[in-house]
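Participant: The structure follows.
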Amino acid sequence: MTIKTLPALSALTVALLLAGHLSLSPLANAAAPGVTWEDIANDHLTTQDVLQYGMGTNAQRWSPLAQVNDKNVFKLTPAWSYSFGDEKQRGQESQAIVSDGVVYVTGSYSRVFALDAKTGKRLWTYSHRLPDNIRPCCDVVNRGAAIYGDKIYFGTLDARVVALNKNTGKVVWNKKFGDHAAGYTMTGAPVLIKDKTSGKVLLIHGSSGDEFGVVGQLFARDPDTGEEVWMRPFVEGHMGRLNGKDSTPTGDVKAPSWPDDKTTETGKVEAWSHGGGAPWQSASFDPETNTIIVGAGNPGPWNTWARTAKDGNPQDYDSLYTSGQVGVDPSTGEVKWFYQHTPNDAWDFSGNNELVLFDYKDKDGKLVKATAHADRNGFFYVVDRNNGKLQNAFPFVDNITWASHIDLKTGRPVENPGQRPAKPLPGETKGKPVEVSPPFLGGKNWNPMAYSQD
């Protein structure tokens with residue numbers, strides 16, 4: 001680990017465009033006051049700071065600012081730019097946090113930068129020392145940090161969560177949550193929530209690593225100490241933790257959505273032991289219903305036949321709780337509800353794309369508190385966030401081949417025949433290739449959408 005306090009680099013490659021309505025505090029070079037939960041809870045209503053991934057717990061990414069619009073945006077010019085520099089300049093997917101005139105942004109290879117928002121001057125950097133045997137699936141990027149009190153939080157490629165002093169960049173605590181050599185990593189931004197039951201503020205983060213055979217896990221931590229409060233796995237039948245002790249299994253302990261196999265130690269197919277479902281994208285939070293809502297990743301391995309009983313049919317099993325959205329109780333980590341977008345996902349559609357929380361009135365005038373989700377599988381989903389029941393689903397891209405539609409009564413896709421990867425013939429190691437649309441990169445990938453209140 002190294003911490004540097006240096007002037008801004010002269011090699012400038014990443015531009016920051018500053019709109020006139022953004023109010024920048026003069027405290028960038030002083031010890032700024034701490035960020036409160038009330039600040040975060042009102043992030044979607046304020047215009048001077050950005051304190052949570054998604055610009056608020058509802059992840060709407062909406063701003064009332066109107067000075068810059070589609071008529072004059074072409075007039076913007078760079079006020080300053082900043083290079084994330086050196087040999088680690090590879091991939092940039094981070095949403096910046098802005099607080100009291102300081103921009104906090106993560107970079108590739110588990111780094112954090114604090115910049116003066118007015119000048120672009122580098123205030124400090126933190127570069128996490130990574131071991132040689134990290135196993136990131138999909139580049140070495142990081143999608144952002146969280147802020148609370150006097151700390152900045154972010155995840156690393158060697159499966160750690162780190163808290164830094166927001167004024168100095170010095171490490172406050174550093175917690176390991178998984179075996180990086182086995183494939184556990186963290187690329188998503190953690191978020192802060194406040195549990196209505198206990199009144200405690202919690203740091204929420206997930207794991208990454210579906211492609212390398214991990215059991216996806218969602219964590220809640222004490223933001224002051226980093227101590228784990230609970231952990232919830234997203235593969236049916238795996239055991240959760242609460243206050244350091246085993247709590248309850250996720251779903252049915254017998255995991256009927258995964259095939260049995262009497263030849264294994266667990267009694268389940270080998271793939272169940274590392275079944276994926278990683279919640280690698282950031283969670284949303286509904287304070288009214290006291291529910292964390294997060295996407296669960298694809299089942300692992302991709303090969304659906306490796307998750308199927310001998311002489312079985314992949315469509316006989318759903319591989320819960322993967323490739324869907326999960327409502328979680330922040331007090332205990334228990335699953336409140338689950339809706340699966342792609343049962344027994346064979347195409348890496350996953351379910352991690354952001355979950356935007358919004359309200360609307362149905363045809364009978366009833367107010368529905370919902371989630372909006374544009375899935376990689378090409379369908380757009382509206383789900384009741386009180387109970388996880390599907391309200392509507394429709395295609396948002398053309399030429400979807402894997403399914404004809406989503407049955408609104410059952411909530412399940414109606415799959416087209418011949419679109420699942422074929423089983424290898426006797427003596428063969430690969431099945432017949434199948435052309436599927438959308439491809440694995442999806443009708444929409446992780447890049448977030450926004451909800452307009454206008």
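From the backbone N, Cα and C atoms, a Cβ is placed for every residue, glycine too.
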Participant: Given that TrEMBL annotates Glu93, Arg143, Asn445, Trp446 as binding pyrroloquinoline quinone, state which candidate in Thr47, Thr185, Thr187, Thr401 belongs to that site as well.
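Facilitator: Looking through Thr47, Thr185, Thr187, Thr401, the residue TrEMBL assigns to the pyrroloquinoline quinone site is Thr187.
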Participant: Of Asp252, Asp260, Asp348, which does TrEMBL put in the Ca(2+) site with Glu211, Asn298?
Facilitator: Asp348
Participant: Note the Cβ centroid of Glu211, Asn298, Asp348, the recorded Ca(2+) site, then list each other residue of that chain whose Cβ lies within 8 Å of it, in sequence.
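Facilitator: Nearby residues not in the site list: Cys137, Asp210, Gly276, Gly297, Pro299, Gly300, Trp302, Asp345, Ser350, Phe440.
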Participant: List the same-chain residues at least 6 positions away in sequence whose Cβ sits under 8 Å from the Cβ of Trp446 (pyrroloquinoline quinone binding site), in sequence order, or say none.
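Facilitator: Expected: Glu93, Arg143, Gln281, Asn352, Asn353, Glu354.
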Participant: Could you tell me what the rest of the chain brings near the region 'Disordered' (240-280), counting residues at least six beyond its ends with Cβ under 8 Å?
Facilitator: 186-188, 206-210, 213-218, 228-234, 294-301, 306-310, 312, 316-323, 326, 332-335, 338, 352
Participant: Quick one: which of these recorded positions, Asn298, Asp348, Asn445, have their CA within 10 A of Cys138 (disulfide bond)?
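Facilitator: Qualifying among Asn298, Asp348, Asn445: none.
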Participant: For a quick check of packing: other C-beta atoms within 10 Å of the C-beta of Asp348 (active site, proton acceptor), how many?
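Facilitator: Neighbour count, Cβ to Cβ under the 10 Å cut-off: 21.
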Participant: Is Thr187 (pyrroloquinoline quinone binding site) helix, strand or coil when read with DSSP?
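Facilitator: Where Thr187 (pyrroloquinoline quinone binding site) sits, the three-state DSSP reduction gives coil.
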Participant: Provide, as an integer number of angstrom, the distance between the C-alpha atoms of Asp348 (active site, proton acceptor) and Thr187 (pyrroloquinoline quinone binding site).
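Facilitator: Counting only the Cα atoms, the answer is 18 Å.
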